[in-house]
Amino acid sequence: MEEEADTGVPSRVERKALQKAKILQRETERKIFRLVGSVLKKPESERSEEEAAVLLLHRGTVEELCKRQVRRNVLKRKQEEVFDEADELRSKVRWLAAAVKQAKHLVVYTGAGISTAASIPDYRGPNGVWTLLQKGRSISSSDLSKAEPTLTHMCVRMLRKEKLLQHVVSQNCDGLHLRSGLPRHALSELHGNMFIEVCTSCSPVKEYVRLFDVTERTSLHRHMTGRRCSHCGSELRDTIVHFGERGTLEQPLNWKGAAEAAETADVILCLGTSLKVLKKYACLWCMNKPASKRPKLYIVNLQWTPKDDLAALKINGKCDDVMRLLMEELNIQVPGYDRAKDPVFSLAVPLRQEEVDSHTREVIARLDVQEDCVTDSGEQAEETTAVQGGWFGRGYGKGRRKKKKKKDA
């Protein structure tokens, strides 16, 4: 014991006593926080002299709790959905239309907000995936293969067709941009595509487009789909980039196309994205350029985004409503989605005979085939309605645990 004292290393008893003291101190602090918090909840006129004395005694705790409340209020305001009045909305869309006409190189960034009209939930809206998980609620199930391109998807495709749009950078995994008819070379799906699986053993990487969601068996850091490459026999993997992962596939991510488009862009239009993820990709915002030479930013979103203060214009409205007005201003006719012309059918690689039963997800069928199968798939439809994409909510829990560990540390 004397030797331990001489070397300055605390003994086992001293270490245990120190650890116990820290635990008791934390417990005391928690009790003080709870006590002060309960007093602050009362109106000042209803507080007793003893309670007023408690607030005076623990001024530091009072200040900390007040700061926390301010942060909660700010966060709550940022999560609220705001709608522009009809006249203001039209005025802003006219401003946007002028910018689109004058743009030499328009690039569009899209998020989950453009697919909510297709009954695909977003992430940070009032009923979004992250929002519900953060509140401890369960995510409602939905069969994403039943979703079809929305009006916004078709408008984006027409802007490209009319040569007003150069490139689309999307965070969405639903494949709806591809299915709308947007050319693949003009599209970067940064977080993957639920209809595409690839063989990374082949060089170049061999791609398999399917007519069903290939993410049934995949999740965070587990990307193998269970099917094999017809060329080399290696196991196929999905293309999804989950929360907390880094995408390395050339396609369908197409990071090269996204970076090149951002570098030459003079106008960036953000549709239905909170930008909380996209803001972290410096190459998409030309941050290496002087502020005066960066592309002008136009945002369409119902909630606050971290880029609002930098935007030339922020439109608070639903994407479909805004894009409908925009196309009217541009005098461009927008055709509805036609399943018979869906490019996914020409791109799809059929399963081999031994792979037919390798999934249970609903298959996208042509209208004529779908009508023939209605009577045969009644019972199966009941069983498969509660299906959701393999990426929804994946990685969220892990991200939350990491944050908690950092706070505890």
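Placed from the backbone N, Cα and C atoms, the Cβ positions cover glycine too.
Remember, TrEMBL labels are computer predictions, not curated facts.
As given in TrEMBL:
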ACT_SITE  His191  active site, proton acceptor
BINDING   Cys199, Cys202, Cys229, Cys232  Zn(2+) binding site
COMPBIAS  397-409  compositional bias 'Basic residues'
DOMAIN    86-333  domain 'Deacetylase sirtuin-type'
REGION    378-409  region 'Disordered'
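The residue listed as 'active site, proton acceptor' and Cys202 (Zn(2+) binding site) are 21 Å apart (CA-CA, integer value). Of all the binding-site residues listed (Cys202, Cys229), Cys229 sits in the most crowded Cβ setting, with the most other Cβ atoms within 10 Å. Considering only the binding-site residues Cys199, Cys229, Cys232, the residue listed as 'active site, proton acceptor' has Cys199 as its nearest partner by CA-CA distance. Remark: of the recorded positions His191, Cys199, Cys232, the most isolated position is Cys232 (fewest other Cβ atoms within 10 Å of its Cβ). Listed in chain order, the residues near the Zn(2+) site other than Cys199, Cys202, Cys229, Cys232 are Thr200, Ser201, Lys206, Ser230, His231, Gly233, Ser234, Leu236, each with its Cβ within 8 Å of the site Cβ centroid. Residues belonging to the domain 'Deacetylase sirtuin-type' (86-333) score a mean pLDDT of 89 in the model.
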